[in-house]
Structures are given as structure tokens and as C-alpha cells.
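Here's the structure we're looking at; comments come further down.
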């Protein structure tokens with residue numbers, strides 16, 4: 001029955017190299033203290049984001065854990081008085097945001113466990129170290145060949161990779177026989193990577209010969225062994241049934257420039273690898289002047305004081321040896337994907353590549369945040385070429401390249417400069433990188449490592465390269481390479497689309513801002529125009545009538561008062577003033593418009609000759625009418641109009657509108673005397 005079937009939940013594996021952004025949105029007062037609301041986003045998509053609350057003490061704890069790196073960070077100091085004022089909280093929020101930006105922009109600090117726990121406590125609160133100790137003990141107990149020793153702590157940059165010492169377990173025999181000793185039980189305490197606390201975790205069986213072996217390592221002539229436990233990453237595409245056979249075949253890899261594997265095993269969660277431990281450390285330790293490779297990663301590489309580049313001949317020799325190791329892996333259908341100084345071992349003038357099994361484990365590359373920004377670096381070969389370019393740059397300059405491409409390359413010979421520019425310049429990353437074969441035939445190696453071919457032939461004669469897989473394993477490796485490249489391309493498309501979306505949003509924001517600026521300018525211009533109109537209307541507003549009593553008579557004389565001059569004018573002067581604007585209460589309009597319109601201009605006063613023509617027309621009409629009382633309608637209209645009426649219409653005393661005045665003037669000017677006819681007295 002389907003309802004009783006057990007649902008299998010697939011474990012979600014995070015990519016620890018994925019970029020994380022953090023923004024402090026606001027601050028709030030809770031129970032008398034200030035808490036900051038942080039919005040965290042993983043990757044390019046805003047949907048993959050969350051919010052967390054952090055107090056100032058949480059920031060201080062993070063800064064205390066990161067001080068071991070020696071990197072100078074602008075962390076704001078604590079304040080006891082006045083720390084609840086809004087002005088101070090705003091300044092503190094800005095300072096803490098700047099501090100977070102400095103931490104997340106540094107690859108070493110951003111990849112550390114304290115930083116991951118601070119910004120993503122749900123995903124990184126798992127006891128990774130304790131689980132690694134448990135899984136490694138179970139794998140070793142099955143074989144019964146090695147005994148797990150003490151933990152070496154966070155000596156690497158990976159959060160899900162842990163380092164332990166191991167020793168060979170004595171085989172059989174009587175406990176009193178020569179070469180063997182009694183067995184005793186003890187507790188192994190693992191150091192937590194976050195705060196250095198001690199936790200009792202696992203009971204293991206160790207012989208007393210381990211103590212003697214650890215105390216007399218140099219006298220015994222035997223090499224130390226180091227065990228690394230690595231969790232499977234998001235790029236592991238080999239089937240669980242086939243992964244054990246692939247790792248078993250890979251454990252027998254032989255090459256003059258690859259560090260051999262002593263033992264390799266795996267379970268459903270990860271795999272362990274045992275190799276020889278070299279006291280001088282990796283190539284990165286040599287470049288940074290590190291004398292104790294077992295120190296924590298932050299303290300070794302955070303701010304090293306002894307950085308020094310390699311001489312050109314050593315640089316060319318080591319780079320050529322590493323290049324041959326990468327070419328060998330690709331010839332067997334494998335990819336390295338993890339070419340950097342931390343995975344190179346220097347011993348007796350020979351550079352050897354380590355951790356070549358990381359591709360099988362599916363763990364992300366150290367330079368993944370860099371090459372996902374360039375869509376042309378989308379194959380396993382181009383990824384290894386790109387990592388080789390960063391390795392070459394660090395060996396040449398003494399310090400790593402902290403960006404996805406180099407803006408300019410100086411302080412090196414022309415041949416080395418051309419080699420670096422063909423890999424690390426922006427134009428090279430945008431077009432196409434050289435192949436591994438093209439790098440091997442570059443003029444730089446023929447100039448500074450001319451005898452490499454003879455040395456390589458002698459090394460091959462001493463140790464013949466060997467790596468063999470079954471037919472099914474080859475198919476699995478080919479499929480894993482294809483899926484790895486497809487995931488890289490998909491991630492590059494996501495990053496590209498997100499960048500394009502951000503640019504469009506910025507353009508839209510700028511256009512909106514431009515529109516807002518234009519609208520604001522128009523509004524300010526309109527308001528300035530209205531202010532000017534209001535000022536003009538106040539100066540030339542409608543006249544108000546006041547009654548002034550005449551000194552000689554009982555009747556009052558009507559005078560007009562101007563608002564602008566605060567003076568009283570005569571009716572004749574008031575007739576020349578403008579009428580009130582449309583919509584004013586005294587003009588008969590609605591008066592509901594919020595914007596007052598400017599008053600219309602006064603009608604033009606007819607010239608004096610118009611009045612003379614009017615008098616002549618009246619006289620002609622009177623003479624033609626025979627002195628009768630009635631006359632024609634036109635005559636009656638003219639008589640009714642008269643000159644006084646014309647003066648009144650011109651002056652505007654009776655409230656005639658401008659249309660009536662214009663019609664009257666047109667009738668006067670267009671008067672036709674011939675249209676008049678005489679009327680006899682009998683028609684009265």
C-alpha cells in the first residue's frame with residue numbers, strides 16, 4: 001500500500017564555496033538591548049535567503065575567533081554609556097556592516113567555520129569533527145590494519161575535511177612476544193573547530209608502541225602517516241555500488257609526480273585516505289614561510305610574514321612537473337579540479353600533486369567562486385588550466401591572486417608574463433584558455449626548464465606510471481565528467497542571468513530616478529509659476545468698492561479701492577481695471593478650482609474716430625426719418641443705444657461682457673446707410 005511506504009529523503013549537500021552575502025537591514029530594541037536583523041543570501045538568487053538576529057556580543061565573539069588570522073579588521077569598540085541613542089545605533093549598524101563586508105570578501109575568513117556558523121547557524125551547527133572521528137574509526141575497525149591517533153585540528157580550509165594521525169596496528173602474536181607490547185584503552189578527545197572546546201567522543205584501542213613510535217619518529221626511520229576524512233560533495237556522480245571499486249583501483253595510482261596513496265576506503269557519507277605525512281608541509285607552506293604545518297589554517301595563511309616567490313628555475317621545474325601530473329590524469333579520463341599550492345608537495349626537488357581523489361569525492365574546488373564568473377571556463381580541462389594559472393601566479397609573486405582575473409602582470413620575465421596573460425587576463429577568460437598540451441610547449445619552460453624532458457624520462461624509467469580502471473568504471477568516470485561540466489555551465493548561466501537582472505534593475509532604477517527628478521523639477525516649476533501668478537493677482541486683483549460721503553451733498557459717491565496700491569480711485573480709472581478672474585466668487589464662476597487663473601486682459605478702448613462716426617450715423621438717421629416718433633427698428637435701436645450707453649459699455653460700468661461690447665462695435669463699424677428707407681407719415 002502506497003500510504004505505508006517509507007519515503008526516502010535525499011540528503012542535501014551544500015556547496016561550501018558558494019558565495020554568501022550579508023546585509024544588516026535594521027536594528028530593534030528587545031528587552032533593553034539592541035538586536036540587528038541580518039539578511040543572508042547564498043548564491044545569486046534572492047529566493048535562497050534568510051534572516052537572523054545578532055547582538056553586538058555575537059559580533060564580538062566572531063571577531064575574537066578571527067583574530068587568530070592576524071588580518072586587520074575594522075571592528076567597532078564597545079560603548080557602555082549612550083549606546084541606546086538612535087544616532088549611535090545608526091552609526092554602529094554602519095560600522096558592523098563594513099566589518100561584515102571585510103570578512104566575507106576575504107576568501108580565507110569567509111570559508112572559516114566561525115564565519116559560517118555566524119551567518120548560517122542552521123547549516124553549520126552540525127558537529128562535523130565528531131562525525132568524522134566516528135566514521136573514520138568505523139572504517140579502520142573493519143580493516144584492522146591501522147589505529148586512529150590524535151586529531152590535528154583545522155589545518156585545512158575545508159570544513160568537511162578532517163585530519164588525524166594513524167599508526168600501524170601490530171598483527172597477531174603473543175602479547176609477550178618480541179616487538180609487541182600490551183594493549184590498553186584510552187579516550188581520544190577531539191578539538192572542535194569552532195571554539196577549541198574538548199569533547200570526549202570515541203573509545204579506541206591503541207597499543208603502547210604508538211607512544212614509543214611518536215616519541216622516536218626520527219630514530220625509527222619510518223614516516224608518519226596522516227588520515228584525511230572527507231565528506232562527499234555535491235559533484236559526486238559515481239554510483240554508490242561502483243564508487244568502492246573506483247576508489248580501490250584509484251588507490252593503486254603510480255606516477256613520479258603524484259603522491260602515492262597508502263590506503264583508501266569509503267562508506268555512504270564519505271571516504272578516508274591515508275598518506276605519508278611530510279614535516280616540511282605543502283608548497284603553500286614554503287611560499288608563506290610556515291614552520292609548523294599542523295597549525296590552524298587561519299593562523300598559517302591569514303597574514304603570513306615570510307612570503308617569498310620562488311626562483312625562476314625552480315618555478316619552471318615545479319610547474320612543469322605539476323603539469324605532467326595533470327596531463328596524466330586527463331589521459332586516464334579523470335580530472336583534477338583542485339590545482340592549488342596547498343595540494344602540491346615538494347620533496348628533494350620534486351613537486352608532487354596531492355588530493356587527486358577529490359574529483360571522485362565530488363567536493364567543490366577552491367577556485368570555484370572565480371571560474372563560475374566566466375562562461376568560457378566550462379570544461380574540466382579549462383578548469384585545471386585556470387587553477388594551474390593561479391598556482392603559477394602565486395609561485396611567481398609569492399602571494400595569491402584574490403580576484404577571478406588579473407588586471408595587469410608585471411615584475412616577471414616576458415616569457416612568464418605571456419604565459420600568465422594567456423590564462424589570467426580578462427580577455428583570455430572571456431575568449432578561451434590554452435590547452436594542457438599548449439602549456440607544456442610554451443617558450444617559458446623551454447627557456448628555464450630545458451633539461452626537464454631528460455629528467456622526466458629518467459623518472460618514468462624508475463617508476464612507471466600506472467592507473468587502470470574497469471570498463472564499467474570508465475563509463476562511470478566519463479558520465480561524472482559530463483555531469484560535472486553540466487553543473488558548472490548551469491551555475492555559470494545562473495550567475496550570468498542574475499548579473500543581467502541586476503543591471504536591468506539598476507537601469508530601471510536610474511530611469512525611475514530620472515523620471516522622479518523630472519517630475520520634481522516640473523512640480524517645482526509649476527509651483528514657482530503659481531507663486532508668480534498669485535503674486536501678480538495680488539498686485540492686480542479685483543477692485544473693491546467703498547462708499548465715500550460727499551462733502552457737499554447727501555448722496556455718497558462710489559469710489560474704487562485697489563488692493564495693490566491701497567488707494568482709492570475714481571470710477572473712470574476703475575473702469576480701465578481688469579475684471580475678476582474666472583471662478584472667483586464675484587464673477588459668477590464655480591470657484592472650485594484649486595488653481596487661480598490669471599485675470600484676462602482689459603478690452604481695447606475704441607479710438608475717438610469711432611465715436612465721431614457714431615454721431616454722424618445718428619444725425620443721418622434723424623434726417624432720413626422725417627422727424628417722426630416711430631422710425632424703423634434700426635433707428636429705434638440706435639436711438640435706444642445712444643452715446644451714453646456706448647460710454648457705459650466701454651467703461652464696463654453696467655457689467656456688460658466683452659462679447660457684447662465687441663458686437664456693438666462691429667455693428668457700428670459695419671453700418672450701411674443705404675439700407676435705410678424713408679417712412680411716410682401715413683404709415684404711422
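Glycine is no exception: its Cβ is also placed from the backbone N, Cα and C atoms.
The range from 119-169, 170-220, 221-271 that TrEMBL describes as region 'Disordered' is residues 170-220. In TrEMBL, the feature region 'Disordered' is placed on 507-550, out of the ranges 463-506, 507-550. If you average pLDDT over the domain 'PX' (14-126) in this model, you get 91. Secondary structure of the domain 'PX' (14-126) per DSSP (helix as H, G, I; strand as E, B; remaining residues coil): 45 helix, 28 strand, 40 coil.
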